[in-house]
Each structure stands twice: as structure tokens, then as C-alpha cells.
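Here's the structure we're looking at; comments come further down.
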């Protein structure tokens, strides 16, 4: 919805000519009542009497302008409007941001005195007065909080919980460096070098986009890192990884930082300037991040459903370059967007908790999103929608991307430009990369199952609903988080119907445990800063609960693994009070055993579907073949149990001491007082007696002969100490154990990291 300054306020061009008073009671020498909540004291024909301050007054039936409106007694005068004379006449236009209004038949408006805007104006709150005043004193160019600083660091998850992705702007190209390690005293040995590229100029200064990824993080650990910014090492930052069995995510609706500009500040009794609106939203965003993190008892991730910034839509105007005035407006808009991103990345906690941003419609016309954020497993979408006159590529501002965090798959969709084919491809890739997760969550901007008043039935939303509903059903997604409508809603469990009926649903309730629920729950998260709040629309059959608190809100996803049961609990809160606004909704599943066989070549390449695919090349990861014109990893299932062909089992412990090597080069060990075969890819260095086998069609006989032959391979021996559960057990350049303690298995996560699960 457009602000009054660009929409409703244009009606100032329509003149309202005041007629004689329409107050019926003036004919009886009584004024009409001015107040809102009137009590009827007497019926009088077709009219009613009430009282105000002990004086009889007529209850009005027709609205009028109040000609005595001033800026002191009428907030609408700040925008050039008079106030309405009678508060009891129902309004016919209402907005949380723009207040309550009455529209006359001639197109003119009056404002309700008691219907002031309800957005999150920090000046209204005495409880945070001290912090707010301190924040304001530090705000400004050259001060401690300078939103002209466009070099703030973004921290995103990597492909899984063992990785982190960093991104930032710089004015030099030589130093895309992060030092990352387990001690505060970080040295050159801890350096990780990334990439950078020329991305954009701001106020005549050329900026470069830097991206660095670090790997090898373990759970329940403390790390330290620092960034090299334009040749200078910054202060060291502490980063904690959390318990992989019990952890929490924060989820947030549109931050919409900068949206308060132009709004009426109740506390200041004036209209916010651009800078004042940005300052208001930046403080509220800081408060949302701090309070949600505290309530979560140190969250593992912070998820945002898009529209992280409010500005940046001017390039959507195809005629933007037609005149100098429009070009100036676009330049102002794009600079304002960068200041909003600077405010978004301002909270210090966001350097300690990975941020998971979706891209919203407000960010969909510039490349700013992808310049700031280093997303994992990015899938790019072609688009011609780019800033006119700027040398940008035809890639959309935001990416589809996906990653794993512990036992959760998160798929973040770019919902502005994608189509059914693209979303199908991304969902298949994500599922193939992480097939063994317990929970599946999708995050994107447009709310496809909501009852929001503004957006929930727009064309793009209906299109996405048709495409995505069957995909979420097919891949068994548990939860979808959206934004866009600046209100809150929670759906029932939704499944795909058919082409005539896109969805079916099973009812949900709060405070009830659902065992293996059938369907996907869709949550539309409210504006997390409270900068722009919309109304709830007409009821929908697929919605269980919806509301508008007119406050900043956040949600928590609480994951637990206890006594063989996996549980996800979903609860929403007010930022300022921690008051529960919805939930909890509780889903439960049985913990499943991690499969012993996994596709080791994911997520970069699939495993070969044909077990007889020829080996083309071999590297430190394994054997590679080619299928469908691309590489695939060969799973050597037969080799792992070669000994069964000779009447013996394979060794359950691949770290058994090699006792003999037969004439075929097979390694034998002893387990349970009998021979067992070691897999052929076992690393061996040993001096043994050579083993000779003779095989007939009915029996297998073994003859042991003592020899003086020494057999040595070029590979290093397996360590005798195996990795504990959740620890690393493999990956490129890994020099530690490749085995896991009993009851866990070394599971491929990515080429740089395998984990005992």
C-alpha cells in the first residue's frame, strides 16, 4: 500500500466546500456529540440522544469537517488535512501506518483524532526511553552509528552447520581475508582467502564485494574470527556453535527498515523525515534481534522472510530515465536502500548468529541483496528486470538457495521471478543433497496461504500457490515461513489436492502434540520492526489463526531430540513484552537411524544410478563415472563386501589389524575369532604373512603358509582412535580419524566435511 504522501494525500487537489451543519440536534439547540464511544440515553424519532460531560447531545448521523482543526489539536493537519468533527461516525478508510480516515463522496478526507497511526513509533514507549535517547545521541554521520558505513559484515550459514559464509563491501581488492580459529590470538596460519569483484559505486566511491567461506566447525564449540577490511585487521569476534540435539531458530517477518519515513510520529507530533524514520526502524530492529536472541537462549539461526529494506523500487518505473528529476529520485532511492542495509546489519549479534534472508519484492529491482549476502548452494534465475542505465547482469537480485543445519533442511526461494520449472529443479537439488534430514522448512517472501488484507490473493501469490503446493507435499515439508502481508497468520496442515482444488487441509490446534502430521503448516510472519502494519482480511478456510497486534513480533522454532523422539515447537512473541501472541504448535517424529550408505559425492554431484558405470577417474574422494553428460560418484557396494564371495563376512570394524593379505591383494583381519575381509579402500600399512585361498564351487578352503614377504601400500594407516558422535571424520585435507565410535557412521556432508552421525 502506498503512503498517504503519495496516494491518499493527492486528494488535496480536491476541494471540499463546507456546507451548513448536518447536525440534526442543532435544530433543538443541542450540539451533536463529538466523542467516539457514546451511550444511548433516549430514542428521539429516528435519532438518539446521549450525554457528554453531563450535557445532552445528539448522536450524529453524518460526518463533517472540523473547521477548528490546528496542528496542535489535529495530527491530520501535518499532512494538510482537517480532522473529522464526529468520532462516533465509523471510518471508511483505515491503515495502521496512516491512521483512520473518513472519505467524503466528493473524494476529500478528514482524519480521526483518536485514530492516529499505530506503527511502532519508539517515541511512544517510556519503558525504553533511556535506551532510545542513547541511541539517538549516537546516530548520525561520523558518529558511532553512521548508516553511511556501507562496509558492515554479513554472516550467513554455509552448506551445512560446519560452514560459515561471510560477505562485505570494501574499497580495495587486495584483502578478501578472514582469520578463523579456536583461539583469540589469530595468526596468518588461520587465514582463509575468498574472492571479490567490482560491484557498485556509491556517491562516486567504487565498492568491491567480498565473499569468504570457512569450513570445519564442530558443535558445542567456541571459535574466534576477524575480518581484514581494506588492509586493516578488525577486532576479534567470538562465535559459538550450539548443541546439535537441542537448538532454536528465530524467524521474522519483513524488517522493512526505512518504511517509517513520512509517517506521523505520535510522540513528536510531526511527520518523520527520511533519517528520523530510518533511525526509528534501526532501533526497533536492534531491539527485535536482541530480544529474540535472548528469548531463544542463544539462537542458532535468524530467518527473515524478505523485504529487509524498504527502498529500491524506483527502477520498476520503466520511464525512470525520461527526465533528470526522475534520475535524481532513483539515485536518492538507491542510496537510501544502502543506508537501510547498513541499518539491517548494524546489530552486533548478527556477527555472531548466521542470518538467513529471503529477498522481498521491495529488493527485487536492484542487485543490493546479492552484493551483501554470500548465500550457500545458490541457484541463479535469469531476469531482464534490472536498473536502467546500470551495467548489471541479467541475474535476479536474490537467489534460490538451500542448506542443512543439523537435522533440518532449509530451502530459501526467490519468489519474485521464479517459475514452476525453476522451483521444481531447486527442490529436487535440495532433496538430493540432503535426503536424510528429519525436518524440512521453506522460507520465501510471498504469503501463499494467508488471510492478509493487502496481498494474499494477488496474482503472483496465486501463481506461486499453484506451483509450490504440490512440491511441498511431494517433498514432505513440515513448515513454510512467509512475510509480505505485514500481519500474522497460521494455517492448518495443507496438502496438495488436484488441478481443480489446489489444496486440502487437516485441522490444527495449539498446545497439542501432532505425531507425524500430514501436511505442511504455513506461517505468515508479521512485520518484525512494526514499521508497516496491515489489517487482517476476510476469513479463509485454510487459516487456523490470524491477528494484528500493532507491535513488533518474532517467532521461535525449538528443535529437540530426547528419548528417541524428535520435536519441533513453534511459538510467536511480542518483542517488547515477550507476551505469547500465538502457539505453541508441536510436531513430533521418531528419531531415525542414520543410514550406513550415503551418496558421498553430494551435493556437488549425484551418485551414479547404474552400479555398472565405468570408472573414468579416481581421486581422494573416490571413483568417478559419467552419466547424462556429467560426473557422478560411484558407490562400490560390491567391493565393500567382497569377502562374502569366499564364505566370510566383511569386518564390521574397518580399523581391525590386518593379519594377512592374499594373492589377490585382499586384506584379512580377525573378528569374533574368525576371518573377516576389510574393504578394498581401507588404508593399509603392514608387514604380514601372505594369505592364499583356494575356491571350489561348493566349499572354500583356506591354506595359511608362512612367508617372509613384506607388503606396504602408499597410503597412511587408519588411526586407532575414532571420532566421537558429531565430530569430523573425513573431507578434503582432513588429517584426522576416518572412523567413528560404535553406533555412529561417517556420513558425507560436503567435499570438505564428513560427520559422525
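Note that Cβ sites are derived from N, Cα and C of the backbone, with glycine treated the same way.
Cross-referencing 661-689, 690-718 with TrEMBL places the feature region 'Disordered' at 690-718. Residue counts for the domain 'CBM10' (640-679) under DSSP, split into helix (H, G, I), strand (E, B) and coil, are 6 helix, 13 strand, 21 coil. Taken residue by residue, the domain 'CBM10' (22-60) breaks down under DSSP into 5 helix, 14 strand, 20 coil. Helix, strand and coil counts under DSSP for the domain 'CBM10' (598-635) come to 0 helix, 12 strand, 26 coil.
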